[in-house]
Amino acid sequence: MAGCRLWVSLLLAAALACLATALWPWPQYIQTSHRRYTLYPNNFQFRYHAGSAAQAGCVVLDEAFRRYRSLLFGSGSWPRPSFSKKQQPLGKNILMVSVVTAECNEFPNLESVENYTLTINDDQCLLSSETVWGALRGLETFSQLVWKSAEGTFFINKTKITDFPRFPHRGILLDTSRHYLPLSSILNTLDVMAYNKFNVFHWHLVDDSSFPYESFTFPELTRKGSFNPVTHIYTAQDVKEVIEYARLRGIRVLAEFDTPGHTLSWGAGVPGLLTPCYSGSRLSGTYGPVNPSLNSTYDFMSTFFLEISSVFPDFYLHLGGDEVDFTCWKSNPNIQAFMKKKGFTDYKQLESFYIQTLLDIVSDYDKGYVVWQEVFDNKVKVRPDTIIQVWREEMPVQYMKEIEAITQAGFRALLSAPWYLNRVKYGPDWKEMYKVEPLAFRGTPAQKALVIGGEACMWGEYVDSTNLVPRLWPRAGAIAERLWSSNLTTNMDFAFKRLSHFRCELLRRGIQAQPISVGYCEQEFEHT
């Protein structure tokens, strides 16, 4: 195995040496050479292949063609470059794009195929894929292959790439409750996610701190639960824009509404929803988690999640279920009476009762669900297709042991525990995130097939729009490559060179990505 890895490392290093630009994330299979072709910005075109199922009018690809032309060449005109005989023009200055299945008006899903093949040689410049989602990934790779000489001439090397993701779920979580993130910050994040081939935006919309989601069924939730009901909310149009913006980049929107804990912001808008806490025999004036003993709680949840199910088109909703503090439930005599009536002797049983009822409600709306690991740990009865997200890194249960237990029980798993980007420390902390191997647990091949990917999490206690971008990028890129590329792509020196280059490319694209070491970029951020 060591010899195999050394050979792979040498091969990758050789590939990097003959590429004028480095790719991020690294593709599964690549052949490239020093032979290069000139591109002319003034007449370069993206064009549909005659045999493609998608043609002009396919909004996903039409919009992508416009975006990538701008990313490559900008909006100005360029003088025609002079070139020697060794610099061969690239065909007719056209990238032909061919897809087998046109899904132009659909949404990406967990089963979407993102494979693509990119061929650049003397005879053709062709991007082939089974779906438009694969074509989007190939367009990003193509954009990273194009490079500009010191004289201002655009080139691309002779290249053959066959590429596909290692995991189908590659996400970023943004917390928009603890600090409100303007719509522009979310859209900007979606752009850079596409550059990194992420495909899931996990939107942690609400929490204890605020309820910025504008509910049309329960408008008081937003009016009384947001930081500011005018300036710090996401309107129905905002949510719709995020979903469509993400779709055009091949990104799913996984909405999270976490209950029964993390719900203090819900209380003012829905009287009676939260549990009143007691101090001795008297009400303390404070509130705890959702009250699981009242029928009105489940009536509300049924109506509310009917709305959510209609607003968010993805098959999956994230229902949370983490960090439920039992202190308030323990203090409340009505909760104690309810538990006695039900025969519950443990507050985890009460929590399980609530969550099981909620899961049944959501299932009735033909939705699947993702939950945090506590739902599994507390032995809540869930459907076999439930996805469990692992976030707890601390002992006594190390996260790989947790994944082993989850997959042994037959459930699919997502890994987030080692990828909390809101946590920062001095130095190149991206390296530790890059070194994580999601399948490094004892398990059968069938178990390991149940790990469907992971997410980088950006919790918002100390993050808002002022520091979101440099804290996310390019650090999140380490997770992007770990979830996309082969498990053999692990050489740290090779990764460092490519990530440094990619960080400079992000600056060129107007993204204020932080440095990963000492150095410089030809085009610094203030020059964009």
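Cβ atoms here come from the backbone N, Cα and C positions, even for glycine.
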(request) With Cys104 as one half of a disulfide in Swiss-Prot, pick the other half from Cys58, Cys125. (result) Cys58
(message) Let me make sure I read this right: Swiss-Prot says Cys328 forms a disulphide bond with another cysteine. Which one, out of Cys277, Cys457?
(response) Cys277
(request) Taking the Cβ of Asn295 (N-linked glycosylation site) as the centre, count every other Cβ atom within 10 Å, in any protein chain shown. (result) 7
(message) Quick check on the disulfide-bonded residues Cys104, Cys504: which one has the highest count of other Cβ atoms within 10 Å of its Cβ?
(response) Cys504
(request) Quick one: of the recorded positions Cys58, Cys104, Glu323, Asn487, Cys521, which has its CA closest to the CA of Asn295 (N-linked glycosylation site)? (result) Glu323
(message) Below 8 Å Cβ to Cβ and six or more residues apart, same chain only. Which residues does that give for Cys328 (disulfide bond)?
(response) Thr275, Pro276, Cys277, Thr286, Tyr287, Gly288, Pro289
(message) Considering Cα atoms only, can you say which of Asn115, Asn157, Asn487 is the nearest neighbour of Cys521 (disulfide bond) among these glycosylation sites?
(response) Asn157
(message) Can you tell me which of the recorded positions Cys58, Asn115, Asn157, Glu323, Asn487 is spatially closest to Cys504 (disulfide bond)? Compare CA atoms only.
(response) Asn157
(request) For Asn487 (N-linked glycosylation site), identify the closest of the recorded positions Cys58, Cys104, Asn115, Asn157, Glu323, judging by Cα separation. (result) Asn115
